[in-house]
């Protein structure tokens, strides 16, 4: 019987035959690995040594040779790498390396799926990363959100910001308004030669000598107090107020009701109480005097129209009526 323990092979001795066998094994070990494969076999690795036997000898032999890993072609032969993916082996594990634009264990998925980018966005790939370029009016990683600033044009360097579903313009210094379209210091914001400066959307007037007020509208030597931004002037020692648009009266205290009523064709506006009215020039009529009294073809059948406060037709022979229609 024999016994294998680590790199040791033990064989029980059976007289001369065993001795000859041992000599042969010593020779094989000295020559090299001729018997190494045999020593790795279960036959010589089996425990042949009896625990109660003293008539045995142990020979030092080579270690068993570890099994080589299978070639990559064997590991990858059953892999299904789709869409141009390539298989590589790490030990006995196959792994797919995907072509550009694909991902997944077997490269079965497109990085840019058919509907990855919403609202007409264009999808491009870098490795396994998808990036959406959104069409006008949309934003977000996949263009899923409406660009609320797309329809809001902030002028004069203003920038659009959103809060919830509301877009707002943040104006640069010196401008104001919903779309930053207005100068904080308008062309005539400060009266009487005052100088306008801005802090954010707030205008401040530095008045010339002899004037005061928020917009330098008051002459310090003028006895009148002009209201609603009116300016006090005192040529030839006669003080008067020059009113801003929309106001009238000796001290600009009254709202100019005619300021928003444009009487056309030479008409003039007059206010009765809180109601402005247009008084039209001869030959015109309408709320703002926009209509010709004698309109085209007003008088029928060759009649002649006279422009008076009310149109009058002079009919040709054989016709009569207000417009010569009879």
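Backbone N, Cα and C define each Cβ position, glycine as well.
Quick look at what TrEMBL lists:
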| type | residues | note |
| --- | --- | --- |
| DISULFID | 134-143 | disulfide bond |
| DISULFID | 171-180 | disulfide bond |
| DISULFID | 207-216 | disulfide bond |
| DISULFID | 222-232 | disulfide bond |
| DISULFID | 243-252 | disulfide bond |
| DISULFID | 280-289 | disulfide bond |
| DISULFID | 315-324 | disulfide bond |
| DOMAIN | 72-105 | domain 'EGF-like' |
| DOMAIN | 108-144 | domain 'EGF-like' |
| DOMAIN | 145-181 | domain 'EGF-like' |
| DOMAIN | 182-217 | domain 'EGF-like' |
| DOMAIN | 218-253 | domain 'EGF-like' |
| DOMAIN | 254-290 | domain 'EGF-like' |
| DOMAIN | 291-325 | domain 'EGF-like' |
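Mapped onto this structure are the features recorded in TrEMBL.
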residue: 134; record: disulfide bond; DSSP class: coil
residue: 180; record: disulfide bond; DSSP class: coil
residue: 207; record: disulfide bond; DSSP class: coil
residue: 216; record: disulfide bond; DSSP class: coil
residue: 232; record: disulfide bond; DSSP class: strand
residue: 243; record: disulfide bond; DSSP class: coil
residue: 252; record: disulfide bond; DSSP class: coil
residue: 280; record: disulfide bond; DSSP class: coil
residue: 315; record: disulfide bond; DSSP class: coil
residue: 324; record: disulfide bond; DSSP class: coil
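Away from its own ends, the domain 'EGF-like' (291-325) comes close to residues 282-285 of its chain (Cβ-Cβ under 8 Å, at least six residues beyond either end). Candidate disulfide-bonded residues: 280, 289, 324. Nearest to residue 171 (disulfide bond) by Cα distance: 289. Here the C-alpha separation of residue 180 (disulfide bond) and residue 216 (disulfide bond) works out to 25 Å. Spatially, by CA atoms, the disulfide-bonded residues 207, 232, 252, 280, 324 include one closest to residue 134 (disulfide bond), and that is 207. Between the CA atoms of residue 232 (disulfide bond) and residue 243 (disulfide bond) there is a gap of 9 Å. The number of other CB atoms found within 10 A of the CB of residue 222 (disulfide bond), across every protein chain shown, is 19. The domain 'EGF-like' (72-105): residue composition by secondary structure is 5 helix, 12 strand, 17 coil, according to DSSP.
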